[in-house]
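In Swiss-Prot this protein carries:
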type: REGION; residues: 109-135; note: region 'Disordered'
type: REGION; residues: 174-226; note: region 'Disordered'
type: MOD_RES; residues: LYS230; note: N6-acetyllysine
type: REGION; residues: 657-722; note: region 'DNA-binding'
type: REGION; residues: 816-836; note: region 'Disordered'
type: MOD_RES; residues: LYS977; note: N6-succinyllysine
type: REGION; residues: 1252-1383; note: region 'DNA-binding'
type: ZN_FING; residues: 1290-1320; note: zinc finger
type: BINDING; residues: CYS1290, CYS1293, CYS1317, CYS1322; note: Zn(2+) 1 binding site
type: BINDING; residues: CYS1355, CYS1360, CYS1378, CYS1381; note: Zn(2+) 2 binding site
Amino acid sequence: MAPVHGDDCKLETSAVSDSGSFVASRARREKKSKKGRQEALERLKKAKAGEKYKYEVEDLTSVYEEVDEEQYSKLVQARQDDDWIVDDDGIGYVEDGREIFDDDLEDDALDTCGEGSDGKAHRKDRKDVKKPSVTKPNNIKAMFIASAGKKTTDKTVDLSKDDLLGDILQDLNTETPQIAPPPVLIPKKKRSTGASPNPFSVHTATAVPSGKIASPVSRKEPPLTPVPLKRAEFAGDLAQPECPEDEQESGVIEFEDGDFDEPMDTEEVDEEEPVTAKIWDQESEPVEGVKHEADPETGTTSFLDSFLPDVSCWDIDQKDENSFLLQEVQVDSNHLPLVKGADDEQVFQFYWLDAYEDPYNQPGVVFLFGKVWVESAKTHVSCCVMVKNIERTLYFLPREMKIDLNTGKETATPITMKDVYEEFDSKISAKYKIMKFKSKIVEKNYAFEIPDVPEKSEYLEVRYSAEVPQLPQNLKGETFSHVFGTNTSSLELFLMNRKIKGPCWLEVKNPQLLNQPISWCKFEAMALKPDLVNVIKDVSPPPLVVMSFSMKTMQNVQNHQHEIIAMAALVHHNFPLDKAPPKPPFQTHFCVVSKPKDCIFPCAFKEVIKKKNMEVEVAATERTLLGFFLAKVHKLDPDILVGHNICGFELEVLLQRINECKVPFWSKIGRLRRSNMPKLGSRSGFGERNATCGRMICDVEISVKELIHCKSYHLSELVQQILKTERIVIPTENIRNMYSEPSHLLYLLEHIWKDARFILQIMCELNVLPLALQITNIAGNIMSRTLMGGRSERNEFLLLHAFYENNYIVPDKQIFRKPQQKPGDEDEEIDGDTNKYKKGRKKAAYAGGLVLDPKVGFYDKFILLLDFNSLYPSIIQEFNICFTTVQRVASETLKATEDEEQEQIPELPDPNLDMGILPREIRKLVERRKQVKQLMKQQDLNPDLVLQYDIRQKALKLTANSMYGCLGFSYSRFYAKPLAALVTYKGREILMHTKEMVQKMNLEVIYGDTDSIMINTNSTNLEEVFKLGNKVKNEVNKLYKLLEIDIDGVFKSLLLLKKKKYAALVVEPTSDGNYITKQELKGLDIVRRDWCDLAKDTGNFVIGQILSDQSRDTIVENIQKRLIEIGENVLNGSVPVSQFEINKALTKDPQDYPDKKSLPHVHVALWINSQGGRKVKAGDTVSYVICQDGSNLPATQRAYAPEQLQKQDNLAIDTQYYLAQQIHPVVARICEPIDGIDAVLIALWLGLDSTQFRVHQYHKDEENDALLGGPAQLTDEEKYKDCEKFKCLCPSCGTENIYDNVFEGSGMDMEPSLNRCSNIDCKASPATFMVQLSNKLIMDIRRCIKKYYDGWLICEEPTCRNRIRRLPLHFSRNGPLCPACMKAVLRPEYSDKSLYTQLCFYRYIFDADCALEKLPEHEKDKLKKQFFTPRVLQDYRKVKNIAEHFLSWSG
């Protein structure tokens, strides 16, 4: 709308009269005055006469007010602050302060980029403004006016959802500038010195010094509108120079490249609004007319002080961040920063960090991303180098004789290399449309598992363009038997041929500029062939830009999708890879918050942010938030994105939401420009990793798993274990309530900001990046893959480099399809017994390490532990075991022998052979580590250098120790089962030989495992123990060149329970000649995560007591007191809930388990995923508690997440479960070798029913009986102690009499058990009721027999106790596997031995003849005379015969 003249205004307002009549108010023709006509005729005459026409200029009143620049700025600011819309219902109509003619500029800009197919520009959708209602006149005039005033309106079109238009606009944005600005370095405006690096810290405003004028408001930026972007802006500028004049000239800012460091204007926008992303104005005043119920400043402060933690209490060095001057670099991307190379020619030198290839869309092309030095700016900036024309390289192995492919039979025609060439040229190239190729004859070596391939032979090497599809892997011809290299990737060929081992400096000769931008990097170059790229050695790496970020999501209750509501990031712009991590680990930060769709921001939230001087951007919608984050990522250009669970959850959610919200230029999350987002949600995370190519992902969860062992890898646990501090967890269901008050929302943002800092601190504490760089340089793979874990790939690349350098053909990659995993595969071995296999677990491919049978018991004398240093790598070196040296059986023959019991072990190589490649590579690693450790011992070393050396030696050790793994890993590219079997065979042989040697020295070996042995010294003198250890060490080491055994430790006392399970007090000598002890646990329940903390603490107490120097009686007494106390505490509810939490890891995604209900951790994991906030997946640890919920379900189906227990009143901790199946088994197993403590006693002390533990005790006693030579050596009392006593009611008084022997009493008071009733007042004798007694015995015997034939089986695992009658199909060597726990075997609840013993017991208690024979003669005579008359003896024999009768049936 243009400015309106004053007279026109009057005409417009008087156009309609008050009468409302159309006729009366219609415009009339006005009569012209006569004077006017005369003047006009006069002018016409003069014109005809030839006189010049003189134009008379009338004086017009100006419609514009002229002001200076300062006044104009104030006027615009006043307009912005003025809320001039009355009662807009909060819909967010905005006045941005610009003049009306500014809209024309904006519309013109839209016309240039948003013109549709009809040639008309689509204008921006605008919000409807609520206006006062006006009564419509009911006359014909209103109809005419309305129809005349209508304009045709175009249908609203969402430009952001038009992918084709987006691609066109992206191409338009890449115009080449005519004049490129020179590279300049512009310092960014400094923040105030009082600002804290924490955006949530509260500071009092400082007074402005005199002489300086404080600006009352900060500069406002115009709204963000997409416009065509010049090439210089796109590829060079991270941000525009902060000059107001330049900004006013440009008028608009392009969304994705805007400078987001300053506060930005925003208002609420429609979710469907496609064009502009706006950010709330942090500096604007609150909307007038809104009444606040409480003072926001006072309320926030008091709430934060009383409840919410304050980040300002952290030890933050404010000077470090405040002194950092962010340098924004402008570069001319049309002129590459070339330098002089080794040959004095201009080359492009850069440090490569990451590589990417797209074999389907751009075959034969590799993108290298890294950093390049810009001399004019004195800094490193990002760059992308496109390496083209990487050819496929194939090797054809010629046959000896030509074969007929139809029949498969050989002919008599010998083959020459020319025949191979002709077959490829005439048949293969034509069939697979290879129009152009190169070939030559080469000599290559081969040393792998394909049979009938010679060790050395001539091959036909064929090279052709990668744009032609690859040949089949199993291709065979008449003249050639094998083709190698069909599926080798372009990236692998490039890295191997150019000998590039991990991130390093590269130089590109003859670099070419690209016509169209392919990346978001500052510089882009192209190498037309891979030979133009060369390695520059021994130059230190440049500093990188590292961004740590954290985000908070909420699940939409309608569509159950995760929506991002807030993000925080910390950035360090010069993070070194070869020095100690910087302190603090970040220099700048940003935070952005949005809101769920069904929430509103708290009242005066912006005002609180403003008053507290917080750097928080407020986004009206999730789309705005995501756009802001992408713009920030593009501007800051981080090389590494750091997060926790970023690969398993956050990155997938982030990309899904970007895609869902149609945020433009999604690919800025990485460095490669792409329009189509890769497929997300795959289990391998392949699409998510590809989306960020060029920016490495560092997931601290993955890194920590490789470096340290934790109970779980949740962020809270890592913060506690590594940073030794506490992290507060905000439940997902509480997030929505955080939007009720500004203080609550600020606390949420503070929490997210803290998480980002925790993540960064964990990364620095473990030196994740320097270690990953060193490992990558050693292995020669890609650093982004190293950060993702996976040792197999690192070993693969290390061997690939080694075999390529030695002119070997390497094995092709195989595509493996893992078989469907069966239920129960996720569980571990039972009690470490390698003979017990899990359900569905196939037999081991080859025998592993030897584990000697332990001599179970408690040792209170010094135990010596000897250990071979790096046993398997040392064996490989000692015996020269390699692909190239060991003769293996052909794979067909090997498969035929796989099912046989006897394992085929290849012979050792000839000692005179040259060292193979595998032992040579391991020796290199070992020797390099020794050199680095020697360097570390130098005096006066720089601390940074010491750290660098330490990281390098750790990387060398990790790599060397994992080398053996690639031989035995069936999915490895270098899998060689015979070699792995030979290594483990020699390991078993060496351990057994060492044991025999020690025994010959008259020493007792009590245990041994793979590479270590334990020796009982029977000494209490530590000095003598070390002398003895050195003696054994010297004797063993004499036998080998490279194998070394060493003293690994001395135990003061040892509790050896079974294989791989022991507890010990380790001796650590001190400088003063004494020693201290430290407790060490191996394989016990209390070191496993799937036991609750209460059980672990109890187990630790018991072990501490057993290992102490106290007497046995004191130890038993202390354990008894402690268990009684724990039982009472659990029943009283005085134990915190956290002590009951059980942690168990998922081996696959929760939805992939077939029996979800019976696995408690899977059941809880599914519930967690359904709630939103986080997603648990394979490899994650799930915490749960077993509760009483009023149902009769088994304990495994009554598992709940801890937060469920807190929220649901009907849930309570199942105390019986924790006492019987958590605490009892742990303590019982530890106390098993201790005299005076058994499972029944432990149950009694814990307040449990001891009868349910007698079955387990009985089976243990059966095993002990077998060891002792059977029941023959046991007394009657021992033999029948667990039998059910015979009970019979007295017919006279009804008292229950219990019989367990022929006699009652002892000595002089001995009498027959049937002589009198146990009731003193009853005078009747049971011997007079023999018929009733006989009938009761028959009924009891029948009941026992029925119990046996019921066939109930019970799991012998105390934590399971599953009862089942159906015999399962899965068996181990020890019996049928329990289908519930899949860990232990099932035993008969009432075995045949139990029945037989019970029947023998019934016979025994009535066998008077046998009982009398065992008595001394004088006692026997006395009893016969007094009690055992012939009639009584006859009665006893009758009852005994009943038992004899049933025993005769048992066979």
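Using N, Cα and C of the backbone, Cβ positions are placed for all residues, glycine too.
Swiss-Prot feature annotations superimposed on the structure.
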| residue | record | DSSP class |
| --- | --- | --- |
| LYS977 | N6-succinyllysine | helix |
| CYS1290 | Zn(2+) 1 binding site | coil |
| CYS1317 | Zn(2+) 1 binding site | coil |
| CYS1322 | Zn(2+) 1 binding site | coil |
| CYS1355 | Zn(2+) 2 binding site | strand |
| CYS1360 | Zn(2+) 2 binding site | coil |
| CYS1378 | Zn(2+) 2 binding site | coil |
TODO: Check the binding-site residues CYS1290, CYS1293, CYS1355, CYS1378, CYS1381 for other C-beta atoms within 10 angstroms of each C-beta and report the one with the most.
DONE: CYS1378
Task: Rounded Cα separation (Å) that holds between CYS1293 (Zn(2+) 1 binding site) and CYS1355 (Zn(2+) 2 binding site) - done: 43
Open item on the list: Give me the DSSP three-state residue breakdown of the region 'DNA-binding' (657-722), ordered helix, strand, coil.
Closed with: 30 helix, 5 strand, 31 coil
Open item on the list: Take the mean position of the Cβ atoms of CYS1290, CYS1293, CYS1317, CYS1322, the recorded Zn(2+) 1 site. Which other residues of that chain put their Cβ within 8 Å of it?
Closed with: SER1292, GLY1294, THR1295, ASN1297, SER1318, ASN1319, ASP1321, ALA1324
Open item on the list: What's the number of neighbouring CB atoms sitting within 10 A of the CB on the residue listed as 'N6-succinyllysine'?
Closed with: 19
- [ ] Identify, among the binding-site residues CYS1317, CYS1322, CYS1360, the residue whose Cβ has the fewest other Cβ atoms within 10 Å in this structure.
- [x] CYS1322
Task: Rounded inter-Cα distance in Å - LYS977 (N6-succinyllysine), CYS1381 (Zn(2+) 2 binding site) - done: 32
Open item on the list: Spatially, which candidate from the binding-site residues CYS1290, CYS1317, CYS1322 is nearest to CYS1378 (Zn(2+) 2 binding site), comparing Cα atoms?
Closed with: CYS1290
Open item on the list: In whole Å, how far does the CA atom of CYS1355 (Zn(2+) 2 binding site) lie from that of CYS1290 (Zn(2+) 1 binding site)?
Closed with: 39
Task: Distance [Cα-Cα, Å, rounded] between CYS1360 (Zn(2+) 2 binding site) and CYS1290 (Zn(2+) 1 binding site) - done: 41
Task: Distance from CYS1381 (Zn(2+) 2 binding site) back to CYS1290 (Zn(2+) 1 binding site), taken between C-alpha atoms, in Å - done: 46
Open item on the list: Tell me the Cα distance separating CYS1381 (Zn(2+) 2 binding site) from CYS1317 (Zn(2+) 1 binding site), rounded to the nearest angstrom.
Closed with: 48
Task: CYS1381 (Zn(2+) 2 binding site) and CYS1322 (Zn(2+) 1 binding site), Cα-Cα, nearest whole angstrom - done: 53
